[in-house]
Amino acid sequence: MQWHRLRFPIKLTFAIVLSLLIGFHFNLETPRWAVMTACIVAGGTAFAAGGDPFSGALRHRGMLRIIGTFLGCIAALTIMIATIRAPALMMLLCCMWAGLCVWLSSLIKIENSYALGLAGYTALIIVVSVDANGSVLLAPQFAVERCSEIIIGIVCAILADMLFSPRSVKQDIDREIDALLVDQYKLMQLCVAHGDKEEVDRLWTNLVRRTTALNGMRGNLMMESSRWQKIDERMRALNTLSLALITQAAETYLIQDSRKEYVPPQFHIFFDKSVENIGDIHKRMKIMRRVITTSGSKNTPVTLQNWVVAATRYLLLLKGIHTNSSISRIEREVLKDEPVVKMRSAESRHAMINGIRTFVATAVGSLFWLWTGWASGSGAMVMLAVITALAMRMPNPLMMAKDFLYGMIVAIPLGSLYYMVIMPSTQQSMLLLCISLGVMAFIGGILIQRRQIGTLGGLVGTINIITLDNPMTFNVTAFLDNALGQAIGCFLALLVILLIRDTSKARTGRILLNRFMYAAVAAMSTNQARRRENHLPALYHQLFMLLNIFPGDIDKFRIALTLIIGHQRLRDADIPVNEDLSAYHKQLRHTADQVIAARTDAKRHRYFEQLLAELDTYQGKLVHYDAPLNVTEPVKRLANTLKKYQNTLIQI
């Protein structure tokens, strides 16, 4: 049996039991919030990771939950103070706040959006709970208690991780950076040999995903300890180098489509030999550097030269990452990075739809609840807020809503067993209560790390409906109201997601592809500050988004990669410096920007035709000013690419 698979269930059980004990020991009014928080922080991170989560990821999620809770409590108190005499307006403002938070959370990094999503539904939960209890004057006390209980739950989850063998991401990083470079070499082998196009596509898309994942591990590592600061600096540079290796290899393949003789025979012979580990790469790089020195730069393809330089720098940083040693003078030269450009989100319409879904779902639910006085309304409102706030940030919100619905359905019989049979029998013994909840948490932990659908929702839903109040009372009617309310709330959230369809997929894809086009056009510049800007991480981040939005659509990925290659080549090209070309570069950028900004296909088509005509004129100007081949060739390739894929870039 793989005993390490039991590590997370033990952590989850300890966190839940410890938060329960602390909650009852300090006489908290609703200890279940502490228990639920420990379950959500530890369980949600494990569900996302598909196993025992890294320590950094768990702590990061915990900190975001604290921030989101405080923001939500402040917003709830502000809204209640301002609209204390108008309950309907109060609920409407809370729904607007939830929608605003979801809209903003959809525009920022998904790692940090958790805090905003939480802030949105925390305010709604506080207002709903206070209204359900019928005493608005208790709102400040309720907000303070909620913050305290959530902090207790988070501390318990982090403490459990620290006690039971915390899983550091460092060893995974060490293994991945070695394996990544070996696979980068294999991609270059295939590109030099001009092998099967489908195999090349499979390799580079896999490398893009792994490079993105490796960059995510860097964030988890920094959450573990500040002693990894030097590794963080190296990994930032390593991310750009890995992306540069992919770009140079793909360009080598692309050039050979039109120039079979691009790679000299000696390099074909060199890359025929296979590599198995990082030691083989070291040996190959030493030989390659000698071959390039002997052959001379004029007889060595530019892409191969750039690839070898990037791989050599990668090896230099790799050693420092393994040892966490002080940064040497040579490394410092490599780490003198260019300013990294950050692009604004391409999912503005997707974010707007998410915000509208949240607002509509919570507003309709709250108005129906206030109008009818429905006993299960508060439970339904809580689940509506939670699902619409959290599910909307996921790549597949419908699947997450179904997961919660299945979980809440399972929670009804499971919660009934605990609430009506097990818990009344353990009223005289805290030990028996802890054992009974611990067994459920342990089994749930095993299923959660397997990503069993409905498990996380079922565990959280069960803990929510068995109340765990202090003092404990057993009101079966209230229990059934809560159980049915949260199940109905999940169903209504699922219904809203189905009715308000997200039609932004094609628009987002078109914006992303046109941004690749703009980046390639904007690279044609004689402005040194603009040429120094590092667009590569941002461009590949958008390519990664394209991979997720259109999985399996290899043609779109090829277009994007071709435009990224064009951007990198034009960025390094020796464009003649004169006022005429500089003015024309500005005109090209303006026209490309108009293509992105156009709101109709007709306008977009007109501006695109104008851009193609301007590129033809620009090529004539380059010939007139005797521009070298390393300028005219990539410009011609860019113009041909835009003509070939014109329809795709205008309308997906």
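For all residues, glycine too, the Cβ spot is worked out from N, Cα and C.
Annotation comment: Swiss-Prot describes 8-28 (among others) as transmembrane segment, evidence class sequence analysis.
What Swiss-Prot records for 34-54 (among others) is transmembrane segment.
According to Swiss-Prot, the transmembrane segment annotation covers 64-84 (among others), on the basis of sequence analysis.
Taken from Swiss-Prot, the feature transmembrane segment applies to 88-108 (among others), supported by sequence analysis. A Cβ distance under 8 Å defines the sequence-distant neighbours of the transmembrane segment (88-108), meaning residues of its chain 6+ beyond its ends; these are 75-76, 79-80, 82, 114-117, 119-121, 123-124, 127-128, 131, 345, 347-348, 350-352, 354-359, 362-363, 366-367, 370, 385, 388-389, 392-393.
What Swiss-Prot records for 118-138 (among others) is transmembrane segment, and it gives sequence analysis as the kind of evidence.
Same-chain residues lying 6 or more positions outside the transmembrane segment (149-169) and placing a CB less than 8 Å from one of its CB atoms are 7, 10-12, 14-16, 18-19, 22-23, 28, 30-31, 33-39, 41-42, 52-59, 62, 65-66, 69, 217, 220-221, 224. For 149-169 (among others), the entry in Swiss-Prot reads transmembrane segment.
Panel annotation: around the transmembrane segment (367-387), residues 87-88, 91-92, 98, 120-121, 124-125, 128-129, 131-132, 358, 361, 400-401, 404, 408, 465, 481-490, 492-494 of the same chain, lying at least six beyond its termini, place a Cβ under 8 Å from a Cβ of the stretch. The annotation transmembrane segment is assigned in Swiss-Prot to 367-387 (among others) on the grounds of sequence analysis.
Per Swiss-Prot, transmembrane segment is recorded for 404-424 (among others).
Under the heading transmembrane segment, Swiss-Prot lists 429-449 (among others), citing sequence analysis as support. Residues of the same chain lying 6 or more positions beyond the ends of the transmembrane segment (429-449) and with a Cβ under 8 Å from any Cβ of it are 5-6, 8-13, 16-17, 20-21, 24, 35, 39, 43, 46-47, 49-52, 414, 418, 422-423, 455-456, 458-459, 462.
The feature transmembrane segment is assigned by Swiss-Prot to 453-473 (among others), with sequence analysis given as support. Non-local neighbours of the transmembrane segment (453-473) in the same chain are 16, 20, 23-24, 27-32, 35-36, 39-40, 43-44, 47, 379, 402-412, 414-415, 418-419, 423, 427, 440-441, 444, 447, 479, 482-483, 486, 490; each lies 6+ residues outside the stretch with a CB under 8 Å from one of its CB atoms.
What Swiss-Prot records for 480-500 (among others) is transmembrane segment.
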Are there residues at least 6 beyond the ends of the transmembrane segment (8-28) whose Cβ is under 8 Å from a Cβ of it, and what are they? 34-35, 37-39, 41-43, 46, 51-53, 145, 148-149, 152-153, 156-157, 159-161, 163-164, 430, 433-434, 437-438, 441-446, 448-449, 463, 468, 470
Contacting positions for the transmembrane segment (404-424) when only residues 6+ beyond its ends and CB under 8 Å are counted: 383, 386-387, 391, 433, 436, 440, 453-462, 464-467, 472, 474, 476, 479, 483-484, 486-487, 490-491, 493-494
